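So that you can see what the record holds, here are the features copied from Swiss-Prot:
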- 85: active site, proton donor (ACT_SITE)
- 50: D-glyceraldehyde 3-phosphate binding site (BINDING)
- 86, 181, 209: Zn(2+) 1 binding site (BINDING)
- 107, 137: Zn(2+) 2 binding site (BINDING)
- 182, 210, 211, 212, 231, 232, 233, 234: dihydroxyacetone phosphate binding site (BINDING)
């Protein structure tokens, strides 16, 4: 099955009360694990790729070809979108689209509102002409992801969210509502009131960044308010690192990378399967 945009899968998720996971790629093993877990659960999936991860893997084109090769060799038949996470500029979004990405996020949330609208509109025009879906962000998601650092959380303004959607024609919106990138210090406090208002006023599928560490009860509360995409990366990274440490600590003579990267891949796969079930994505592939 060819790569698809995430527009249709998120519309279906919003209409049918579940969420699609975006699981970030960091290397070959992450990609194998996420694709295999999703295929086994018969779940649509979004492969997130940050600019930093793309650089680590040599570039957007390499990432796309790796994903396409794995989909062929692993006989992947579920819908798969490949999505630029936190695109920093129009130029980066264009570069990803030209390399074969089927979805992009333009993160101009640090810019003044009118500038955010202007940049996002430019990305939407280029992307939609090529059948590529677009996500935008308002407010500030705290924590750190690659080169994107935010000291605190700035909640999205519901009126600005509605205006951004109307002026740009984006497909999905990531309003900052209390989640953070990376591990949480204490329990997250999500703005459900704002989430409900934004979901109702925009009519769009909403995105929850920083999905690691958010309690299941909060996930289940967020989905009926319009949250249709939940991003996960840190949890998979922690599971992977733990598996590698375990192998190396138990056997000081191990040097073959397959002996420790294999268990890391299995740990990621099990983590992703757990998230798929938690988000209600199992058996939703169409």
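Heads up, the Cβ atoms here are built off N, Cα and C, so glycines get one too.
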Pull out the binding-site residues from the set 50, 107, 137, 234 whose C-alpha sits within 10 Å of the C-alpha of the residue listed as 'active site, proton donor'.
50, 107
What three-state class does DSSP give residue 234 (dihydroxyacetone phosphate binding site)?
helix
Does anything in the same chain, at least 6 positions from residue 232 (dihydroxyacetone phosphate binding site), have a Cβ under 8 Å from its Cβ, and if so what?
21, 22, 23, 24, 211, 212, 272, 275
Proximal residue to residue 231 (dihydroxyacetone phosphate binding site) among binding-site residues 50, 107, 137, 209 (C-alpha distance):
209
Tell me, by DSSP, whether residue 86 (Zn(2+) 1 binding site) is helix, strand or coil?
strand
What is the number of other Cβ atoms found within 10 Å of the Cβ of residue 86 (Zn(2+) 1 binding site)?
26
Would you mind pulling the DSSP three-state label for residue 50 (D-glyceraldehyde 3-phosphate binding site)?
strand
